Structure formats: C-alpha cells, structure tokens
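*Asks:* This is the structure I want to talk about, given as structure tokens.
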Amino acid sequence: MASPVGEDNWVGFVDSQLREATDLDARVNIVESFRRAVSAEPGSIKVWSAYCEYFWSLYTDCQPGSDAGWSQEEHQLGREVFTLDAALALWQQAYESVQYRLSDSHELWNRWVSLEMELLARGATEAGIRRITHLFKNRLAVPHATWDATSQMFSTFLSEYNQAAYELEMKAVTINARDAKRIYDMRDPFEMKLRAAARSGDAEATKAIMSEYLDWEIKQSKGKRDAVANFQICLGLFSRAQTGELASDEDTWLNFVVFISSARSELKAGRSRIPANLLPNMLDVLQRAVHHVPWCGTIWARYILAAEEAGLSFTDIERIKHAATSSAQLDRDGMMGVLEMYAAWCGYLKRTAMNPNATEEAVDIADVGLASAIEDVKHWGKRRYGDTYQGDPNFRLEKILIQFLTEKKDDIEAARSEWGRLADINLYANSYDFWLNWFLWEMVVFTATKNKTRSPTPATLAHGLRVPSHATNVFKRALKVRTLDWPERIMEVYIQHCNDYELADTLREAQDTVYKTKKGVAKRREREAAQAAAAQAEYAAQVQDQTMADAPHVSVESAASPSSKRKREESPDQEGDKSGKRAKSEGPNGVDAKRDREHTSVFVAGLPSDATQTKVRQFFREYGHVNNIDIQRKGDSAVALVEFRTPDEARSALLRDGKPFGEREVQVTSATDCTLYVTNYPPEADDAYIRKLFKGCGEIHSIRFPSLKYNTMRRFCYLTFRDRASAAAATKLDGKSLEGGKFKLSAKISDPGMKRRREGAQAESRELHVSYVPRHTTDDDLRQLFAKAGTVISVRVPRDMAGRTKGSAFIVMETKEQAQEAINTFDKVVFANHALKVELSKPLNQKTTATSHGAGSAGSPEAESPAAGASPLSAPGFSNPTHAEISARTIAVLGIPDTMNDTRVRAILDPTGTIVKLVLHPKHGGAIVEFADAASAGKASLTIDGLEVEPGKKLRVGTVPELFRTEGETRIDRIDKPQPQAQAEAKEKKKPSAAELMPPPPNIRRAPLGRSGPKRGLGFVAVKKDKDAVNGTSIAGTAPGGGKSNADFKKMFLGEGKANSDATEKKAENVEP
C-alpha cells in the first residue's frame, strides 16, 4: 500500500487505524505510524499535535485508576513504554520541529505548556518551577505571532509561583526578546496579508502572497545579521507552505530544494554561518518532494543526482529510477518530465562507467542501460502520443550515448551510426542545430584521431594533407533536406569549413551546391510567404467571426449593431489628447506599429540569476541592435527573451549558442512560433488565470496584456512559451469552452503580419445611419419606407427608458448599391414632418473609458465622465440624488494599471460594498466609483488604499478632480529608448535659461509721433510742467517732460491698493450689524 501524502491524509490514515486498535500491540503500531507520519511531514503542526495527544492519552490510560479498560498486563507493560518522560520529551521534540512557524506554532506550544503547568499544580517543586521558567524564556526569545499573549502567561506564572523574582525575570525577558520582536515586526506585513487572504477565502491570493513571502525570506537568510534565526524562520515558512496551499506546487518544492542545496554548498565552501545540524538531509527533502509532486521530472532528476553525490549504491539509485517510472503521473505534463528523469539516470550511468576506477561491470551496465533508456523513452512517447511522437527535440539521451561510445568505448563508427539514425528522423533532420552538433562532433573526432589514421581522401594533389571528409559529408547530407529550418546558416558554415580544411575541388563543389541550394531556398521562401498570406486572411476572418459571435458582456441594444452609439459624450480627458496626434510610427499603445517581436526574438537560457540587461546586451553587441530584453529569474538561474530589430539579426544571434556568459555556458534558441495570440476569455481573467489555464502546456515565459488607454474594448493577450512544442500544445486549447460555454477561447500562434480584415454591413457600406427620426416611429415604419430602395435586412431604432426613439436609426440593406439608392432617394425627404438625414454608417471610435452599472462588464460601450464641477456620477435606480449625496458615496481610485479592465477593478471593490456605477479612465490611471451609500465608500477607501495589485503598483484613493489631473502610466517596453521616468527626471534636472527666468517686457502704449497728444474736451485742465526740471531732465524719479517714471507708477499702484484696502475697511466699519 502506498504511503499517504500530505498532513490531512496522514492524520486520516492513522485515525482509521486508531478505530481498530483494541490491544497494546495495535496501539504500538499506531505509534509507529505516527513516527512515519512526522518523518514524511516533519513541519506539520497537525501531525505533531495528533501524535503528541495520542501518546499523552496512552500515558494517562496506563496509569493506576484509569478507566480505559486495559488489562492488568497491558497496564504494567504500558507504564514501562509510555512513560511521563517519554511523553514530555515527545512534546519538546514536536515544539522544536515547528517553533519557527511564526503564525501558528503557539497552538502546539500552548497545549504543551498547559500540560506542564497541570503537572506542576499537582505538586509544585523548585525543579518544576525552574523547568517551566526555562521553557517560557526560550519561547519568548523566539519570534512568533502571539508573543504578547505568551508574555502575559509568563507574568501570571511568576505571580503565582515566583513572586520574589517577578521584576527581575520580566526585565530580563523584555531585554532578551528585543531581537525576536524586531525580527517578527519585519515579517508582520506579510503575515497580515496572509491572514486577510485566508479570511476572504481566496486561495490564489494566498498562494501568490506566500510565494512572494518565500522569495523575500530567502533573501533575508543570505544576510549576515540574524543569519541563523533567519535561516530557521525560512525553514519554518517552507514548512507552512508545504503543508498548506502550496503543498503540491512544484515551484515551491524546487525553490526549497535549491535553497537547501545552496546552503550546503556554502557550508562546504566554508562561507556559511549556519551550523550543519540545522540543514535538513537532502535525500529526505527530495524523497518528500517526489511524493508531493511526482509529475516533476526535475525533482526526480535532482533525487538521482543527490543519491549519486551521497554515494548510494547502484541498487538504491536504480530503485529511485524505478519509483519514478512506476509513477502514473510522471508524464502528466507531457514528455518533459520523463525526459528529464531519464537524462539524469543516463548521466549517472555514463559518469559511473567513465570513472577511471570503473569496473567492467559498470561499463557493461552503462552500455546496456543507455540503449535501453532510449528505447524506453521511445516506447513511452509512442504509447502517449502515437506516431506523432518523434523524440526529444534536444536529443539529450542520444548525446550521452554518443559521448559514451566515443570516449569510453572508442567505437567511433557506432557513434556515427547513432548520428545517422537520428538524421533519418524528421524532427532532427529539419533542425539546423542538429546538423551543427553532428558537424562539431566530427571535427572533435577528426582532431583527436589526427595522428592515428590516414585520411580517407586521396592525397595526390594535397601532398599528404588530411581533410575532415566526414564533417564535410554532414553538410552535404544536411543540404539535401528540403525542409531544413535555417539552411542559410548551414550554407554559411559549410563554405567556411571548406575554405579552412578542404581541397580546392571540394570547395568548388561546395560553392556549386550552395549556389543551387540558395535558388531553391528562395523559391521555398516565396511559397511560404504566399501560404502565410493566405493563412493570415483565413485567420483574420475567423477572428472577426469569433469576435462578433462572442459578446456576452455587451447589452442587447449595443449587440444589435456595431454602431449602437455613434456620438461619444464629452469628458475632460478628451481635451488636449487626440490619438490622431501620436506619431505615425506608433500604434494605439505607443509602440512601433512595424515591430515584429515574434520573428525577431531569441531565448537565452542558463544565465546566472544576477544577469542584467546591460550584460545581456553586451553579450549580443556584435550581432545586431537589441530592442528589448525581458529577464525571468528562477532560483539560481535566469532566462532572457531578447528582441532584435530585424529577423536576420535574431538569426545571427543564434551563433552565440553554447558560448560562455561569465562562468556559465548559455543556450540561445529561436523564439519564433513561441508566442500565442489569446482572446475570447472571460473579462475578469488576469495573469494568474491565464497561467492556470495554460499550465499543462509547458513552461510560460511571460504574458503581455495590451494597454487600454486608447481602447477599453480590448480583451486579448500575448502568451510566450519557452519552446515551440509548448506553444503548439497550447494551440490545442483553441476553441475550448469556458464558463459553461459562455466564452469560446481563441489561442493561435501570433503573427504580427496579419491584418484584420474588415467585414460586416458597415465595412461593406450597406449600413445606413438615419438622423432626425420622429419620436414615435416604429421599426416597421422605417422598414416599409426603405423597402422602396431595395431589400431591408435589419432595422434598429435605439430607444430611451420611455420607449421613445433617440432620433436616429440604423438600417442594413442587402447590397451596397441598394444602400446608395436609399441615400439618393430618402436623404432630406420629409417623413412625418421631419426632414430625414440619410448617410452611410461610420465606424465607432475607440472607447477610452469603460462604464459599468450594477453587475458591470468589461468593455462597456458607454464612455462617461463628469464635466468639471459637475456631479461625478449619477446612480440609476436612485431618485434624484443631490450633488452632496453623490459626492459622499463616490471615490476616485488612482494607480490602476492601464492593462486592468473595469471587471477586474470591480472584483477588487465588490467585497467592500454595493457598487452602483464604475467608470474606468485608463488614460488617467484610475476609476470613478459610486457606491450605494457613504459607509461603503468609506470602507472601500480604507480597504484598497495601498493595496498592491501588481508588483510595485499600489492603489490609492483620491478625489475626482485629482483623477483628471493625473496622467496614466506610460509604458515603453524597450531598452533602446529613454524610459518615461528617465525623461521626467532629465526634464526636472534641466535648468531654465536666463531668457526663461526673465519676465516678459511690459506692453507700453505710446502716443504717435508728430502730435502733442489727444484732443482735449471741454473742461480739461492741463498738467503743469515740473518746476524742478533742469535742462529737460527731471529730478530723482520723475520722468522727463513731467511724465511719470516706472518708480512713480509703482508707487502709485501700491498706494492705490492701500487706499482701496483702507476704503474697504472704513466701509465695513460703517455697516450696521
């Protein structure tokens, strides 16, 4: 019988045995089962508590006076086995195993110390008081969530049993606990998030927070301060994760394995401060891991490697391999897990055989075992996928066999035959990478055997020169494959090789072959381009059909016609922000419209975890212009997706495959056909939803959601896998029904060259827009009228809540000619005392806002926003609310990412209260939300303020005017262009020039020349000239000619202001109260 997996299963398993235990032997067997349980789940509070409670019950049942129903003999034997010391020692062992589970270790501790205090109460002794005092002191020195409660318990204990030492003991405890409290305070924000997620019942949120917590804790454990405590807390957090929501999460287990492995490496190198006894045994960790995630081939591979490193016998390691192949879940996620496990097994066989001290038996085992492993994998793949399975794209097992045959067996011909066998399989024959690997192997063999054998090439003209003819034949055979994925690269290396090593006639033949092959490749590229164009047209038609068919979130009125609302309501965010003013080279999301990520990118695997964009860019410096680099880190390694400017540059970058990057050798592979265009999923879908949906297809590198700043109707994303096989497997989900058939998923290989073909009545100029329609006009009235111009397909008259028309209608005719005839016939024709205006319907502008009422939906066709000073929102269903009432229950949520639609925003806000209306403004990075009452609005403000919705992006609550003063985020996912933040900082640092600081000159109106001034009217008294003027120059501050100087004007202005102020005050004093 297989052992249980998980704490709940272990407890249930032991409980089932407990119900059948009627004698002492059965009870001893249950104790043995508990020992197995705590060995399998050493960090489980639930298992330890059940074990300790059961053992304590055995201790009490065998005591004199017990009514448990044991026989006299069982009582006597039980008192010898289930002693008090053994029971208390078990409680202490349990506590030491779980004491660093910060959130819940108090559950076991409180029970243990209560039993200790019960024993003390029966008969207090100095030794007993010292023991419990020691237990409390140790506990209070360990960080935990209920430190205050524990301190209060200790205070009560001292008051009762050791009053004289109360102050001294409490003071010492407070001083010693400073570090413990400081350490817990650092982790309290994560603990609060976990508690909030647990209360809401959101399992996905709990997993995400726990994963983030683990990553943070691992970084803390690498620091010098509190190194030992941080390491133990990290172990405790992993125990919580592995017995909770992440018990079956392979990333968590891999993270744990790498964490322990790295700690052991640091300890071995003498760089670690962690005592060796605190490190878990690696084999025990991996044994638990393969039980929890038996489908993870990487874990099985690690298990085999750890067993080899620990020096286990061949029989023991073979037993691990058989356990893996016997698991029914190893191929749950495809053949990748099977291949990884077998690669580890074959690597072990090869290393054992190639050891200088290896026995003949080890060599024979490897000889048979390697070939057998290749056959096993082949049969496994055929059994799972049928004839479609062709093998491992990276031919890992075959490489190991070839190395073994070459270096250990010295059987070059057998190894060459293995290469030839692989070349007959289309999967490898179509890959330029396979042929280059074969060529490099032949060159290594050629170099190694240079002085052993004569060349098979005649040396008549070469004067004894040896040439690598086998390596040359590899290229000849490769270029005969018409479906080779990158023949240009093979031809390039072929010519270079012949120039370096071959004779003149062979070089000439190579040039002839390359010339003819290039012509064939050119024709092939033309055919592929034509097929791609046809496929694009077909795909665009399918997308159009699916998009028109899948609109569950659109109201009935808007679904009747793609032009349900022609005139957009004005909003403050429309002013000064016209999408047409964007650069011609930019699309709606502000990026280059000609950008082709899917055909200009490569994957770089095997990078160190500290690799930066700058280092990766320098690595490809001579191979092309790098547009962007997306680095995803996992454990001690990283994978980068590098985007170049052109497809040719991306292909040339593949030459860096196998080159060293620092101390590591990286793998560079093409990212073409690794990205999917995914649409028609539920509007509430986010990154986690998409990852879960495609989890079984393969490893996901990244997910890109589009910006909604220029069109909130967008609902698609780009899903990038690490390899083509995973992307191809993901396309099998195309057409999958989601949410009971409400949505039909579309998942196809992305091709930026596709252009969506416009279809439908509007695009075909068959839809008419009729204005000035009388209020009481029916659909039949218009149908009868326009039937005179041709066949009417449909009539739609938008109506208000009272059932009256809104003054317009949309009519679809059968043909374009009939629509034109209707325009010629009925435009400006008087109908029911109204002059109709008939014209072709125009496309609906892209929506920059999204409005939802009540339940709401993404991509709401309305686009409302209040004008300055107007009521923010008006709630349907409320009778004439005042401006103050609406303002009191309305909040503005700021900091919303421009990729988040209104449905996802509602999902965050719905738990806080009833939402009446929500208007999303992606261009301002926020939303206006009206709740049913002011209390809900206040609760929402407190709940979501500071809430992190994406890494590094937190929501905040503000006012509506503040929202419209805020600009939404600007995302430039390129490293070759300045980022918005850098531009802003540069703008702030730029000092204004002297001309900018100088105020503008005053606008002075001067009298025209030749005139003494304006004509004076009756009663005008001329101003006398200044008597103090001398020789036409005025005295200090007086302008020439008796005019006013600038100083005079300033003095007069200030004096007038003061006089006005005095007059105002005097007037105020004369007013009676």
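Cβ atoms are placed via backbone N, Cα and C, with glycine included.
Model, not experiment: these values are computed from the prediction.
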*Asks:* Select from 730-767, 844-881 the stretch of residues annotated by TrEMBL as region 'Disordered'.
*Replies:* 844-881
*Asks:* Decide whether the stretches the domain 'RRM' (889-962) and the domain 'RRM' (600-673) have at least 3 CB pairs under 8 angstroms, with pairs required to be 6 or more apart in sequence.
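*Replies:* The answer is no, given that the two segments have fewer than 3 Cβ pairs within the 8 Å cut-off.
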*Asks:* Tell me the residue counts in helix, strand and coil for the domain 'RRM' (600-673), as DSSP assigns them.
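*Replies:* For the domain 'RRM' (600-673), the helix, strand and coil counts are 17 helix, 33 strand, 24 coil.
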*Asks:* Looking only at the domain 'RRM' (889-962), how are its residues distributed among DSSP helix, strand and coil?
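*Replies:* Helix (H, G, I), strand (E, B), coil: 28 helix, 26 strand, 20 coil.
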*Asks:* Can you break down the domain 'RRM' (766-843) into helix, strand and coil residue counts using DSSP?
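*Replies:* The counts are 22 helix, 26 strand, 30 coil.
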